[in-house]
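Per Swiss-Prot, the features are:
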TOPO_DOM  1-86  topological domain 'Cytoplasmic'
MOD_RES   19  phosphotyrosine
MOD_RES   20  phosphoserine
MOD_RES   23  phosphoserine
MOD_RES   27  phosphotyrosine
INTRAMEM  87-107  intramembrane segment
TOPO_DOM  108-162  topological domain 'Cytoplasmic'
């Protein structure tokens with residue numbers, strides 16, 4: 001990228017400092033289009049989805065395409081990503097938000113009214129079950145394992161070579 005060497009009606013100068021590295025569309029006056037107070041991802045849940053042109057397409061130093069091709073492909077990449085995302089959100093955002101709302105409402109209701117009462121009941125009953133289980137193991141399982149261990153400890157093997 002850089003200064004186009006061919007003569008043209010319009011020239012594009014791109015310095016590394018002034019070149020935008022983010023993946024959104026640059027407006028001439030961004031304050032008109034973006035409300036600075038509305039952060040739609042305040043918890044940074046989708047910070048991994050910031051994919052720029054350089055993250056997807058990269059030309060090594062040894063193989064560079066023409067500057068116009070590079071600039072046009074960059075512009076087409078950004079515009080197609082922007083337009084397709086807007087198009088998909090128009091048709092998918094409302095139905096998927098509705099489905100996600102139903103799903104989370106159902107899961108919340110199940111968690112609040114079924115799962116947590118069941119867990120709390122189990123935690124209340126567990127000390128009693130623990131006492132009963134300890135008694136059963138002391139009375140039945142421990143003597144059984146002790147007698148089996150003593151029986152096997154008295155077994156001896158002798159090997160002879162004939």
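Yeah, the Cβs are placed from backbone N, Cα and C, and that goes for glycine too.
Using DSSP to sort the residues of the topological domain 'Cytoplasmic' (108-162) gives these counts of helix, strand and coil: 46 helix, 0 strand, 9 coil. Mean model confidence of the topological domain 'Cytoplasmic' (108-162) amounts to 92 (pLDDT, 0 to 100 scale).
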